[in-house]
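Listed in TrEMBL for this protein:
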type: ACT_SITE; residues: B:K219; note: active site, proton donor
type: BINDING; residues: B:L24, B:G25, B:H26, B:G27, B:T28, B:V29, B:G30, B:S31; note: NADP(+) binding site
type: BINDING; residues: B:K119; note: NADPH binding site
type: BINDING; residues: B:E204; note: L-homoserine binding site
type: DOMAIN; residues: B:368-441; note: domain 'ACT'
Number of protein chains: 2
Amino acid sequence: MSTTSEVTAMSDVPQGREVGVAILGHGTVGSEVRRLMEANAEAFSHRIGGPLALRGVAVSNPTKHSRTLPKELLFDDAMELIAREDVDIVVEVIGGIEYPRKLVLAALNAGKSVVTANKALVAAHADELADAAEAAGVDLYFEAAVAAAIPVVGMLRRSLAGDQIERISGIVNGTTNFILDAMDETGASYDDMLAEATRLGYAEADPTADVEGHDAASKAAIMASLAFHTRVKASDVYCEGITKITAQDIEAAKNAGYTIKLLAICERIRSAAGEDSVSARVHPTLVRRDHPLASVNGSYNAVFVEAEAAGRLMFYGNGAGGNPTASAVLGDLVGAARNKVHGGRAPGESTYANLPLADFGQVPTRYHIDMHVRDRVGVLAEVAAVCAKNGISLRTVRQEERDDAARLILLTHEASEESLDATVTELATLDDVLTVDTVIRMAE
Amino acid sequence: MSTTSEVTAMSDVPQGREVGVAILGHGTVGSEVRRLMEANAEAFSHRIGGPLALRGVAVSNPTKHSRTLPKELLFDDAMELIAREDVDIVVEVIGGIEYPRKLVLAALNAGKSVVTANKALVAAHADELADAAEAAGVDLYFEAAVAAAIPVVGMLRRSLAGDQIERISGIVNGTTNFILDAMDETGASYDDMLAEATRLGYAEADPTADVEGHDAASKAAIMASLAFHTRVKASDVYCEGITKITAQDIEAAKNAGYTIKLLAICERIRSAAGEDSVSARVHPTLVRRDHPLASVNGSYNAVFVEAEAAGRLMFYGNGAGGNPTASAVLGDLVGAARNKVHGGRAPGESTYANLPLADFGQVPTRYHIDMHVRDRVGVLAEVAAVCAKNGISLRTVRQEERDDAARLILLTHEASEESLDATVTELATLDDVLTVDTVIRMAE
């Protein structure tokens, strides 16, 4: 009798080949990946066409994990685990660059597909990793590297594969969005809201990578590479963080109907001669309050895409955290495992377009310039003349009286970074200009 | 000399096998698909690994299209075009159900992959089509069937394949969202705003499929099938349109901090005994003004997903129109063509979970009940007693004085449809209740 019921039970779950998985790292993400792999084993088995089998978890200190994992699954030598014959897919969730790079390359070279959540690694070494995956005929997946479970990579690699992307504007760092949103809401200073973010666990003890924009720059590099079929590395991305944003900047933006967001902007720039180049940049940006990105609050992420045929699309969600990152890793793992069972490969790196990178000085943007000037007749004419001379035309000018000085806020039409730099330098030399306080770029 | 340059030019573009494409239909979507295939031929060739070659376009009246298409590409016999040996992929953008069903089945049975934008067809016959695709070992793609270029299908099939979806709440019909949004903004009646939608081209001459919710129901069926790995057909979806929504309903919602949206809701319902079932329904729904879905304006679409690990995600964009639909069709076409060149198959139908459909009477929801009662002491007690007797507990009650009668607005806690029906029937029999004007369900 028991034989019959066993046969029935077994025939319910696909009898395809077992897919061996190694997880490198057992921190917040790695432990969630392992837990969910176990909890959803049957569902994944159906979705893949065969069961996932965890071969081991590589950790630097096995003793630390001996209570959550059986001893035979714990490996202190990641290379030994990767090299096992029964490992088909390696999941890298360690972080850092050099060490995981060595491991991922070893895995790819040994014919294992790789799923990684490591944006810094992908943004620095996509070319080398892609070449290794291509040579071995295996998959390299990295959905979790950009905005966790918001499926930005899948959308760019697959869903929009039949379209031409013009621009991506993303809020892809939760820490800085939390700080800017809190400054906007409370009128408090950057330092106070950074302290608040740290207290609430939204900022790390050393927040440099977030607040200086490096984390967002890695994601910008990955998005630009996918969107424009061109190799863009983190070091190619112009990057400016939020540490200089003041409460006064936020207030001035508010008064003009804007909010300040740290945007990762990836853009196709078409020259007058019809030649395309790619600009990837991260900087504080004024966003109109009625733009969908303006209402992305707290630590949420959102990616706004403009494409030729699809028009304007936005993707919104949790862009970080153990669970959302694990969701993205597991989605990739199911995809990579399906390919191991059924054959076929995910779209690989695509860099055929190989567009030149735009010279940042030539990128056209609109600017918001905030300055203090002497309160006397003729100042505005002087300022306007300097702008005109440098090819910057003004869209609106607002003047506020302040004791003996006046505050002048200029919003410009589109101009190049070069013209702007020249303008600001020249404005600062005018006798009647006391200080040029802030220059912030504007979206669209 | 010319030989050299030809060789160089050719070596730039992948020399993989040509993938033959047949397009069935040359309306708004079909003609955009054809135009963009041509305009982006080189890019697609790189992304696929070989060129797409248009073998023909099937139209009912070839003469009508003889100015836009060369004669040799025009076919009045779709079956003849499908049957051609050099056709690998068939794109169906005709609309309707029975005729395209015959064509799509013929294509699949002949071993051609199919890309369709036809939600009514997929929602009615997914099982039969999936079986045919499976038997022939080919792909069936239908991203454009749900919300055009918003990649809902890809997200459910792939990106969230490692997660467990709990609920989807979608604004998936632009016509009804335009009408409701315009009613909300202007305070005008349904009839006036339907007329406005028709005038502006947002509503068709016969708007039935949109305003009665049938179009949204097809999309709900497709989303529920993908999300819960269960076969759900359009006819399984509870469906209620927006034709009975009055200016007074909109105003009452506004006063309570809500807006009314036509939502397609796909939900996993867990019984007290821990058993899952699937509910798919379309009805006007009160959405809190601070919910991301509330700010989806005009004819835009948005799909809000709640998943176990990913948390809350939202996808937003143009859900209809020739261009966005063509973008989705072409994304699928590039995917299907890649598989023809490189081998491999897209994830097929996945119905392993095979969950039962929830009995609509048992689905728990919160309700907004708007009624007129006699303005005298004791009415509220009577009404509350009827609710309590039927197991409905009240969250808030608001009473407005109106000449001789009073208006009573109840917001309930969660209760089943059955309890609600019983309550409303009994309330209507009370002497002091003059009319039960509206019952609207609430999101979350």
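Cβ coordinates come from backbone N, Cα and C, glycine included.
Feature map: TrEMBL annotations on the structure.
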{"residue": "B:L24", "record": "NADP(+) binding site", "CB count, 10 Å": "26"}
{"residue": "B:G25", "record": "NADP(+) binding site", "CB count, 10 Å": "24"}
{"residue": "B:H26", "record": "NADP(+) binding site", "CB count, 10 Å": "25"}
{"residue": "B:G27", "record": "NADP(+) binding site", "CB count, 10 Å": "12"}
{"residue": "B:T28", "record": "NADP(+) binding site", "CB count, 10 Å": "15"}
{"residue": "B:V29", "record": "NADP(+) binding site", "CB count, 10 Å": "26"}
{"residue": "B:G30", "record": "NADP(+) binding site", "CB count, 10 Å": "25"}
{"residue": "B:S31", "record": "NADP(+) binding site", "CB count, 10 Å": "19"}
{"residue": "B:E204", "record": "L-homoserine binding site", "CB count, 10 Å": "13"}
{"residue": "B:K219", "record": "active site, proton donor", "CB count, 10 Å": "30"}
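Within 8 A of the CB centroid of the NADP(+) site residues B:L24, B:G25, B:H26, B:G27, B:T28, B:V29, B:G30, B:S31, the other residues of that chain are B:I23, B:E32, B:V33, B:R34, B:V57, B:V93, B:I94. Using CA atoms as reference points, the recorded positions B:K119, B:E204, B:K219 were checked against B:G30 (NADP(+) binding site), and the closest is B:K119. Rounded to a whole number, the distance between the Cα atoms of B:K119 (NADPH binding site) and B:S31 (NADP(+) binding site) is 19 Å.
DSSP assigns B:L24 (NADP(+) binding site) to a strand segment in the three-state reduction. The two recorded residues, B:G25 (NADP(+) binding site) and B:K219 (active site, proton donor), have Cα atoms 21 Å apart. Under a cutoff of 8 A between CB atoms, and with a sequence separation of 6+ in the same chain, the neighbours of B:K119 (NADPH binding site) are B:F142, B:A145, B:V146, B:D215, B:S218, B:K219, B:I222. Taken as a whole, the domain 'ACT' (B:368-441) shows an average pLDDT of 92 in this prediction.
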